[in-house]
Amino acid sequence: MRVKEKYQHLRRWGWRWGTMLLGMLMICSATEKLWVTVYYGVPVWKEATTTLFCASDAKAYDTEVHNVWATHACVPTDPNPQEVVLVNVTENFNMWKNDMVEQMHEDIISLWDQSLKPCVKLTPLCVSLKCTDLKNDTNTNSSSGGMIMEKGEIKNCSFNISTSIRGKVQKEYAFFYKHDIIPIDNDTTSYTLTSCNTSVITQACPKVSFEPIPIHYCAPAGFAILKCNNKTFNGTGPCTNVSTVQCTHGIKPVVSTQLLLNGSLAEEEVVIRSANLTDNVKTIIVQLNQSVEINCTRPNNNTRKRIRIQRGPGRTFVTIGKIGNMRQAHCNISRAKWNNTLKQIASKLREQYGNNKTIIFKQSSGGDLEIVTHSFNCGGEFFYCNSTQLFNSTWFNSTWSTEGSNNTEGSDTITLPCRIKQIINMWQEVGKAMYAPPISGQIRCSSNITGLLLTRDGGNNNNGSEIFRPGGGDMRDNWRSELYKYKVVKIEPLGVAPTKAKRRVVQREKRAVGIGALFLGFLGAAGSTMGAASMTLTVQARQLLSGIVQQQNNLLRAIEAQQHLLQLTVWGIKQLQARILAVERYLKDQQLLGIWGCSGKLICTTAVPWNASWSNKSLEQIWNHTTWMEWDREINNYTSLIHSLIEESQNQQEKNEQELLELDKWASLWNWFNITNWLWYIKIFIMIVGGLVGLRIVFAVLSIVNRVRQGHSPLSFQTHLPTPGGPDRPEGIEEEGGERDRDRSIRLVNGSLALIWDDLRSLCLFSYHRLRDLLLIVTRIVELLGRRGWEALKYWWNLLQYWSQELKNSAVSLLNATAIAVAEGTDRVIEVVQGACRAIRHIPRRIRQGLERILL
């Protein structure tokens with residue numbers, strides 16, 4: 001019986017506690033609803049192509065062509081350039097698909113076209129030239145201290161030109177290099193200028209020097225340039241050391257083939273870069289870690305001669321006048337440095353193509369003179385140097401020794417013989433030729449070799465060797481060797497993310513901006529989590545606008561400082577276009593914020609619920625373990641949908657606010673006491689009184705008219721007419737009263753004012769009685785509601801006390817049952833232990849008793 005009672009008690013206790021736990025579980029399991037929140041100034045970017053502008057420290061007074069071009073096209077450089085390192089950011093780069101290379105290529109073409117603009121068409125010189133070899137009076141090259149030109153390298157040509165007198169011709173002579181003329185019908189004495197049959201030859205302006213200056217490429221506001229700082233970056237793939245800059249480093253636009261001159265060096269080891277190392281068609285770009293100096297000179301002290309070939313001013317052909325000596329132009333390179341460079345390059349190539357490979361460097365396999373030789377511009381003259389001595393070695397896989405002319409020569413200097421051409425095939429356009437006027441005096445230039453352009457022979461080489469030859473010709477590879485670590489991205493400052501905050505539709509409050517935001521740069525928080533990056537929104541949003549303003553100021557300063565030289569060329573139009581684009585993008589973002597009801601806000605809550613199908617991550621995962629870049633990639637497919645929902649929600653909210661404002665007069669009871677409203681109330685009161693008086697007058701007139709029509713004379717308005725009695729009630733005599741005493745007495749008044757006052761009094765009494773009845777009804781309702789509410793509160797209080805007592809009793813019962821069970825269990829354990837102890841203690845007695853029985 002006792003066990004049964006305990007079982008029933010535990011059963012009741014289990015039901016109570018089970019019900020309570022189930023309710024608590026249902027309450028706790030209810031997930032808190034999330035809402036979309038808009039953030040402005042988030043560190044998010046996307047790959048983009050935009051119009052870049054250039055910056056340089058060009059000197060307006062310098063006539064060097066690069067300075068002139070940069071003065072017209074570029075803005076001054078920033079004296080304090082900033083570079084912000086993006087911590088915990090990994091970005092993919094691809095130097096072979098970089099729009100910056102294409103833009104620089106177009107710009108350098110513009111530079112050459114503008115700098116070497118043609119002054120004179122040489123069509124009159126496309127005639128038959130009678131040429132002979134220039135005699136060499138020097139018989140030895142040792143005494144002259146240099147290499148002697150080959151016989152026939154320079155031709156002395158004569159030709160006829162028109163004079164100022166019509167019908168007369170004049171015979172002139174000029175010196176031409178062998179490669180600038182071609183024989184006519186294999187005749188050794190009759191020649192014509194090369195390219196006369198394929199293009200129109202024009203002569204560049206003679207007053208030209210040619211020394212490239214560094215040019216910086218800058219991104220407009222709203223865009224940024226990402227820079228990869230990995231020291232061994234091969235140009236493609238992910239980069240873990242990323243920073244953001246507004247402008248690139250200074251790049252010298254040196255046009256050359258085979259060898260890259262005056263570029264940037266690798267910080268550690270030699271770096272090999274190629275779009276596909278297994279494809280022999282692709283060019284291999286080698287970046288050196290140590291520069292090799294190359295000194296070039298044209299020793300012969302030539303003079304210039306001018307020949308008028310056409311009527312009119314400026315129609316002058318400039319050619320070589322006198323040749324000081326016949327020493328050949330050449331370039332000198334240190335043999336030890338070059339061999340050390342090839343050794344490092346061969347080592348890196350073996351890492352790519354196999355450690356057991358033998359690396360062989362050979363001369364160019366053929367083609368145009370610009371490709372076969374190392375071509376470049378030195379002091380205004382175009383040099384074409386034979387690079388066979390540079391690329392004529394074999395590097396074995398074990399000894400790493402060399403074979404070829406590099407070791408057979410005993411001198412410490414490699415001397416490259418060079419040719420000079422005056423008729424140049426322009427690299428920027430096929431079929432275009434230009435005559436570069438000769439430069440008088442000696443020419444010397446010193447450059448640094450910072451890279452190589454190589455090509456690999458194709459085919460199946462089973463002999464364990466790889467052959468590499470110098471290449472070039474596509475100047476995009478030259479620019480690519482400097483722009484490999486840059487990419488342009490578009491800033492996307494608008495971001496959406498879920499939060500617990502919902503937009504309130506009450507009156508707006510002033511927004512307080514936190515002062516704990518640190519200056520990290522516009523994209524400095526890109527690697528931080530979303531929660532940490534949201535602290536820098538103020539700085540980033542401010543810098544987005546300040547970047548636009550700063551660039552506008554830079555442009556205005558450039559125009560003011562160089563207004564006498566600045567011309568609105570194609571470059572000027574491109575710069576204006578870039579800035580207008582930046583302003584338009586900023587205004588577009590501000591327009592979206594305005595449409596969403598977020599104008600002037602960095603963090604803007606909305607009334608759009610967050611859909612778990614967009615992202616099922618928890619708030620802790622989103623804000624503490626996710627960057628804005630990762631988050632943008634995750635919800636990129638739903639961004640347009642979220643934006644449209646925010647717009648719809650804002651439209652609905654504005655509609656609701658409009659409807660609420662229409663009821664604002666009823667909500668603001670204090671406005672009833674405004675003097676303007678009181679004047680309106682008095683006006684309404686006067687209109688009501690006037691209406692009542694007018695109705696009374698109308699009815700009185702109608703009554704008089706009615707009585708006159710019936711033959712009665714009009715009575716006073718206040719004449720009291722007796723109430724007619726019924727047919728069963730006799731009139732009686734005057735003395736016989738009784739019944740008439742019960743008739744209602746009516747107060748009679750005299751005068752119109754008294755009549756008006758009586759009507760007003762009746763109206764006020766009527767209003768008073770009705771308002772009193774209404775007030776009594778309202779009081780009764782409030783009293784009833786208060787009584788019912790109080791009873792409900794007392795009921796809920798009693799219910800709460802009851803359940804509290806029940807919970808208390810259940811807890812006490814549980815504790816009692818637990819105590820009883822523990823006590824009973826303890827008693828059983830004690831009894832068992834006592835029995836065991838007694839049994840052990842009685843063992844000797846039992847043994848003694850057994851022995852006694854045996855003995856007895």
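Placement of Cβ uses the backbone N, Cα and C atoms for every residue, glycine included.
Residues 157-196 are the range that Swiss-Prot records as region 'V2', among 77-116, 157-196, 597-636. Feature region 'Immunosuppression', per Swiss-Prot, maps to range 574-592 of the set 4-22, 251-269, 536-554, 574-592. Residues 512-532 are the range that Swiss-Prot records as region 'Fusion peptide', among 512-532, 764-784. Feature annotation (Swiss-Prot): of 364-374, 441-451, the stretch labelled region 'CD4-binding loop' is 364-374. Between ASN301, ASN750, Swiss-Prot assigns N-linked glycosylation site to ASN301; no such entry appears for the others, which is not proof they lack it. Residue ranges 24-45, 662-683, 816-837 are listed, and Swiss-Prot annotates 662-683 among them as region 'MPER'. Range 463-471 is the one annotated as region 'V5', of 229-237, 463-471, 472-480, 841-849 (source: Swiss-Prot).
Residue counts of the region 'CD4-binding loop' (364-374) by helix, strand and coil are 4 helix, 1 strand, 6 coil (DSSP-based). According to DSSP, the region 'V5' (463-471) comprises 0 helix, 6 strand, 3 coil. Counting other Cβ atoms within 10 Å of each Cβ, the lowest count among the glycosylation sites ASN262, ASN276, ASN339 belongs to ASN276. The predicted model assigns the region 'V5' (461-471) a mean pLDDT of 81. The shortest Cα-Cα distance from CYS604 (disulfide bond) to any of the recorded positions (CYS196, CYS218, ASN262, CYS378, ASN637) is found for ASN637. If you measure from the Cα atom of CYS228 (disulfide bond) to that of CYS157 (disulfide bond), you get 56 Å. In sequence order, ASN262 are the recorded positions from ASN186, CYS196, CYS247, ASN262, CYS378 with a C-alpha within 10 Å of the C-alpha of ASN448 (N-linked glycosylation site). When the C-alpha distances from ASN637 (N-linked glycosylation site) to the disulfide-bonded residues CYS74, CYS131, CYS445 are tabulated, the minimum falls on CYS74.
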